[in-house]
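Colleague: Encoded as structure tokens, here's the structure I'll be asking about.
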Amino acid sequence: MEPGEIHALLGENGAGKSTLMNVLYGLYQPDEGEILVDGTPLKLKGPSDAIAAGIGMVHQHFMLVPVFTVAENVMLGAEQTRGGIGGFLDRRRARREVAEVSERYNLRVDPDAVIEDLPVGIQQRVEIVKALTREVDLLILDEPTAVLTPQETEELLAVMRSLKAAGKSIVFITHKLGEVKAIADRITVIRRGKTVGTASPEASRDELAALMVGRSVRLTVDKAPAQPKEPVLEVTGLVVDDDRQCRAVDGVDLTVHAGEVLGVAGVQGNGQTELIEAIMGLRPVLAGSVSLAGQGIHGWSTKKVLRAGVGYVPEDRSVDGLVKEFSVAENLVLDIYDRPPFGSGLALKPDAIAKSARERIEQFDVRTPSADAAVGTLSGGNQQKVIVARELSRPLKLFIAAQPTRGVDVGSIEFIHSRVIRERDIGTAVLVVSSELDEVIGLADRIAVMYRGRIIGVVGPDTPREEIGLLMAGITPDAATPENAATPTAATPDAPTAATTGDTTDGTTGPVGDPDGTTAGPATEGPVNEDKA
Amino acid sequence: MTIPNPGAGSPDKEPASEAQAAQDALDNAERAETATATGAETATATPAAGKPVGKPAPGKPTEPEARPSLGQLFLANLWAANTVTVTVLALVLAIVVGAVLMIISDPEVLATYSYITARPADALNASWTLVSEGYANLFKGSVFDPEAFSGWLNGSNGWEPVLAPISETLTYTAPLVFTGLSVALAFRGGLFNIGAQGQATIGVILAALAGFLLPLPPVLHLIVAVLAGALGGAIWGFIPGILKARAGAHEVINTIMLNYIAVYFLSWLIVQKGIQDPGRTDAISRSVDGSAQLPRLLGDNLRVHAGILVAVLATWAVAWLLNRSTLGFELRAVGANPDAARTAGISVTRTYVLIMVFAGILAGLGGSNMVLGSTASALTPLVVAQIGFDGILVALLGRVKPWGVALAALLFGALQAGGNRMQSYSGISLELVTVLQALIVIFIAAPALVKAIFQLRAARAARLHTSLAKGW
């Protein structure tokens, strides 16, 4: 990092961006390697060391006390007192500092406003002010635009520019290409915990997307070509809200045939979770229909859906998949405990449960000290195998696996993948949702890319990763490719304005205009393609 | 550069979930009683504080932790903290503090302390006499009275006085088993049933009404009265259950409010015409017919009645329900991780309602014991005593496991029975027993405190190389 530089860190979810920055900020300790500040190695034991070394961080989730004023939040942790020991908080001084900093960098923050009354964008600026009053030289912004509206994003970019002008360095973490191109001086792309390349902001979106998604070792899954038969799962016009009553799934049509794997790719948070939960009856369906083998199942209880022959591996195993205090055996019957042979009437059959547990542990190679061990004591991979074993040990019509291998070791990944394929080969329809593109490409016979609550394309598994990567970023190929190839002139008018201002318009309207895209229809193509210069 | 844990998108989310956990702990502190909440926080902050007996080891740090629910935190703490050692030490501590209270509350003994420097033996002797007699009477009143035994041997009294202490203990134990099970069952399902008192109150009302309003033949009358008590509790448990399930109303608030309603309903009811005893002007109802009373087990001179047998049966039933039934499986799953239970197709709302109904049935049975047994045969405003609130303590002391609850109820029953004798023979107030009960639970809920106290003593003794700590 150079002084006065904006360095963008680009990568997919879980690529290791946040981890890296948490190491820089002293929250995590590095296992190996060292951090150099001004040429000297630095040992960070905690955030206070990092602040002392001039490193500040604005987290993805703000660390503010909602009922405090801006000034109080800013002085929190570095309270100035007057009047000696047991003195009074020097609120006046904190207010003055906030006012000064906000004036100097044109942040426009009112020191007396109460945090919970402020919009998210301003709250973020309070975080920035907080860092700046600690006299930092390097500011880490962890996915700052994830929670912002387009206007707020634009303002944030302006703030970043004025900070840059004041000689502060900024590390800007994101996976949005447009913002990076708009503001970054240098771009480092991280994938699977490794730096895979450094690019200049002049690099095209295609190049960046390729770097980001990567051509890493494909996790090879041995499989024969699919023999799709009749459609099993049909989703039409599905509309679902998320927990905050925001539209998460906005008219999704999806068909999964018996004997095929449909992979749903997409950056996390684009409605995949809600889509699956709606199919499983865990989330109300607002509009549209879901049918299983021709029978409408929307509005059914989860139990009924499971009974109808749907196996479900939830994406967050520790929250939704397992009861950690329960034994492995109990978790293996978590959704079939009341059916023969495990339960009849009101009585459980512990012998049958224990017997089936021993078989499953054997079949699915679950490494556990015993069937009675609490499942929380197992490794992540083995916990996941318990869930997969549970779901695959009854006859299924449809198998849904969400993030089946997240946080799972390589050996278990291969095992789980082979099981998924085996299930497909016996004629089950399989729906795999993953934010790991490698996984989707490896498993799927068809890939549906989900973006902002919609399926924006269904492609074959042989589609180039770059193209899928672009789809994941919301750029449809039929709009991008022809223009790219045929009309370089279309982009030229923008090229001369490659200075800061020109870039802003490009960058912000591209990806940031996407929320508009969902509300006002697919209108993203135009501005996006201007970047191709 | 190597970055640990590649491919796992969790690290950046961990601070948030930790904050969530902290928030939960805070909520815990706000909602639960102070004593228990302190314990919960201790356990959250220092998982190593309690000996993890039979408790799953904490998950790997790299795993994204599931957001622990209020009930989960509470249970985890309870099990981690409440080892046998801690229980015994807590008992010892409570007895010591109780001794200090005995001394302070006795003016004569306290007077000897004014000249303790001149004649320390006076103060020590007086204190020792007071405390040892007090606790001896506690023991004689609840477990075994050597004098009655020798009297029986040389023929000056019959066998009944020998069994009297045990009989008294069991009489007080029976209702506590029911209310303790009620609270424990709800805890296992992740709910805080503070309403056992109200459920027992409605139970006692319906049991008594069935007992003196319905003219039925003997055995049938008793069965109907007991079932009426259970039904009353079930109704009073169903209300907070359905409110929780349908409206998300917190069961702690609702059960507390329903306690008030039940208690004042009882006060109102017993002065109504047809309910009030026609021969009395004070607040007392008619007496339950003899045909509806629980039979005494050891003759008319000893109070122990069939309620204790039903209590043992109920303990067995709850143990079976929790561990060997599909309903218990659902209940435990919902209590430990409602998200996973829901994902596995278990109806969390239905389970919540069922949990509260079952808890209410148990508390209602405890209530019917109070009027169909031998402690009272008519409704008075205080007929249920404190069995509902004591049930919370019993459940905690019993580690919310059925047989543990039964044992804890036995201990509390013994304290009650012995407390009566302690009051009449040694002049020590019965309230001391309540203080002892409270102290035991506080010490159990704060295992770190218990350990700190004992380690402190041990360390000091070791440093001084003396036996100063012989009092311990």
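Cβ coordinates come from backbone N, Cα and C, glycine included.
Positions annotated as region 'Disordered' by TrEMBL: B:1-65. The compositional bias 'Low complexity' annotation in TrEMBL covers B:34-57. Under the heading transmembrane segment, TrEMBL lists B:79-104, B:169-187, B:194-213, B:219-239, B:251-271, B:304-322, B:352-372, B:378-396, B:403-420, B:432-454.
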Colleague: Can you tell me which recorded stretch out of B:169-187, B:194-213, B:432-454 has the most Cβ pairs within less than 8 Å of the transmembrane segment (B:219-239)?
Modeller: B:194-213
Colleague: Would you mind listing the long-range same-chain contacts of the transmembrane segment (B:403-420), meaning Cβ under 8 Å and 6+ residues beyond its ends?
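Modeller: Counting only partners 6 or more residues beyond its ends, the transmembrane segment (B:403-420) has Cβ contacts under 8 Å with 137-143, 165, 168-174, 176-177, 180-181, 184, 311-312, 315, 319, 390, 393-395, 397, 430, 432-433, 436-437.
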Colleague: Which of B:169-187, B:251-271, B:432-454 has the most Cβ pairs closer than 8 Å to the transmembrane segment (B:79-104)?
Modeller: B:432-454
Colleague: Under 8 Å between C-beta atoms and at least six residues away from its ends: which parts of the chain pack against the transmembrane segment (B:251-271)?
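Modeller: Answer is 31-32, 186, 191-195, 197-199, 201-202, 204-205, 236, 239-241, 243-244, 283-285, 356, 379-381, 383, 388.
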